[in-house]
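Asks: Here it is, the structure in full.
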Amino acid sequence: MKHLAALNKYFWKYRNRFFIGIFFVITSNYFAVLAPEVTGFIVGKVQQHLPGAKPVAHPKQYDAFLTVFINWVNSLTFAQIVTVCSITILILALIRGILMFFMRQTIIVMSRYIEFDQKNEVYQHYQKLDASFFKTHNTGDLMNRITEDVSRVRMYTGPAIMYLVNLVALIIFCLVNMLRTDKQLTLLVLAPLPLLALTIYIANTIINRKSEKVQALLSDLTTNAQESYSGIRVIKSFVQEKAMLGFFSKNSEDYRKNAVGLAKVEAVYFPSMTLMIGLSTLLTVFIGGKMAIADPSKISVIVEFVIYINMLTFPVSAIGWTASMIQRAAASQKRLNEFLQIEPGIQDAPHAVDAPVKGDIVFDKVSFTYDNTGIKALKDFSLTIKEGQRILIMGRTGSGKSTLAQLLLRFYDVDNGNISIGGRNVEAYTLQSLRTQVSYVPQDVFLFSDSVSNNIRFGLNEHADMPRVQQAAANASVDKEIQGLQNGYDTILGERGVTLSGGQKQRVSIARALIKDPQIMVFDDCLSAVDAKTENEIVGNLYRVLQNKTAIIITHRIFTGFKFDNIIILEEGKILEQGTHEQLLLLDGYYAELYRIQTSTGQSAA
Ligand SMILES: Nc1ncnc2c1ncn2[C@@H]1O[C@H](COP(=O)(O)OP(=O)(O)OP(=O)(O)O)[C@@H](O)[C@H]1O
């Protein structure tokens, strides 16, 4: 339950709505319990009007408000009393309805505001968390917490609180009135209600457990179906349709069994609840009936009590429901707190500054190990890249090339050594200035379900006009292909739009980096999906665009047509060879071997 304390800041933020809402809940219940009293009063009047009726031994006491009303009504004729009381009951119902409307307008609307704020809070926090957090938590879990868990918490901030205050207020008002009317009858007829509340609580817990299981199975089923659709080409090419169908049918069967089990419990639960509630009414009529036989003036009491019992039915049955709603919200808030309390490992250092990120890049004895796998990706790595140099980084897969780029952008922080740009440690720049001024084209391309032009503009804070977007696309050699699409630059990409080829996606992603026009650019194996001719064209363009800029190009292919200031060959996190193309050929090592293979097979990019 302590987990829910995290929500207090929201209650405080919306305190006006909250307290006004509670005021509406209480007043609506006050007016609700006036109706049975007026009904009891009028039935009493009718009974007294019958021939041979004995006068009431102990006239009933009313609260101050009702006493004024009854004193006034008593001054009217019998026919007028009946009419006025009937209209009063109608007016009371109307007042209650209006107050309930305002109660929902305040409390439920407040819960929607809190839900909105909480979703934003979680989303903003996700944005702050670093790369290693996302590597160790799966997307489904992140999605579930921001949607399902936040919704469950809303059930607490809205309906649960509203019903809780409502039931407490109604039970108190009813009890006060019932005890004032007849203490003994009150205790007798209310005896089954605690039992009812307990039974409902237990049954609700069982239902919740079962429905959570059903929910989890449904989520498995959806994931299963989603994977089948997105991996349909792999399934078909490996002729695994039958196996996948079998897997899906098994999941589906598990889901069916559990859903039917839940339906059975619910089928027993609701009628038994009605039966138990009926018991209280039966007791009222039975015990009250006996009392009325002994003293006919008690008829009004029985009528009043039957109405009270019916009024109490819903709140009492809602006790279990509300309790389980609060339990579920507490469990969900616990899950949300787990993430909200994680401090991002990569943050702005206290002394970090917003400054132009340019100058020589120096890796000084850098070592880095991935925490989750213990893999030592860089070992005592030192390299100086002069401002304006274009360098190529090559090496076997897993040799640490991408790690270098990610350390430069502070997706991770080094374990030992340091990385500086323009004489200032990368940690001394704010993340904002570092990442806006160093353009990075990652290995795995990601395009948003948006227009091509907006995908290219993505990293800009200002709006770029079309000529600028087109220029960036032309430099990435993708302009002509975009123009060839049906809606050109307005073509929507992604699941509901056009699917670009792997090479086209890579080039849109390069255009996105080029449009930022930064001083430092890092291309991480981002041309792997394009053919040699296109690659040649892009590198040619890049060579021109990257004049006077520092460029780090990570690749597996050799570009012979262009002169790189330095070529680095990495091996197991260390420099194996470095120098210009000619120097490396003379060295006759890994690079020369790769060059021979590529030229003999015609793979060389230029
Ligand atoms: N997020 C990660 N968590 C744990 N280990 C990682 C992670 N990323 C990379 N590694 C490991 O670190 C080592 C270096 O990986 P890196 O991605 O830098 O290599 P690379 O030279 O870029 O490879 P490739 O050419 O295949 O892209 C590899 O052994 C890899 O398995």
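Our numbering is plain: 1 for the first residue shown, then up by one each step along the chain.
The backbone N, Cα and C atoms fix where each Cβ goes, and this holds for glycine too.
Note that the structure is predicted; figures quoted are calculated from it, not measured.
Quick paste from TrEMBL:
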type	residues	note
TRANSMEM	18-35	transmembrane segment
DOMAIN	19-328	domain 'ABC transmembrane type-1'
TRANSMEM	78-102	transmembrane segment
TRANSMEM	160-179	transmembrane segment
TRANSMEM	185-203	transmembrane segment
TRANSMEM	267-293	transmembrane segment
TRANSMEM	305-326	transmembrane segment
DOMAIN	361-597	domain 'ABC transporter'
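Help me picture where these features are in the structure shown.
Replies: Within its own chain, the transmembrane segment (18-35) has Cβ neighbours under 8 Å at 11, 66, 89, 92-93, 95-96, 99-100, 102-103, 106-107, 110, 162, 165-166, 169-170, 173-174, 177, 307-308, 311, counting only residues six or more beyond its boundaries.
Sequence-remote contacts of a segment are chain residues at least 6 beyond its ends whose Cβ falls under 8 Å from one of its Cβ atoms, and for the transmembrane segment (78-102) they are 20-21, 24, 27-28, 31-32, 34-35, 38-39, 41-42, 45-46, 49, 69.
Residues 175, 178-179, 265, 269, 272-273, 276-277, 279-280, 283-284, 287-288, 291, 301, 305, 309, 312, 316-317, 319-321, 323-324 of the same chain lie 6 or more positions beyond the ends of the transmembrane segment (185-203) yet place their CB under 8 Å from a CB of it.
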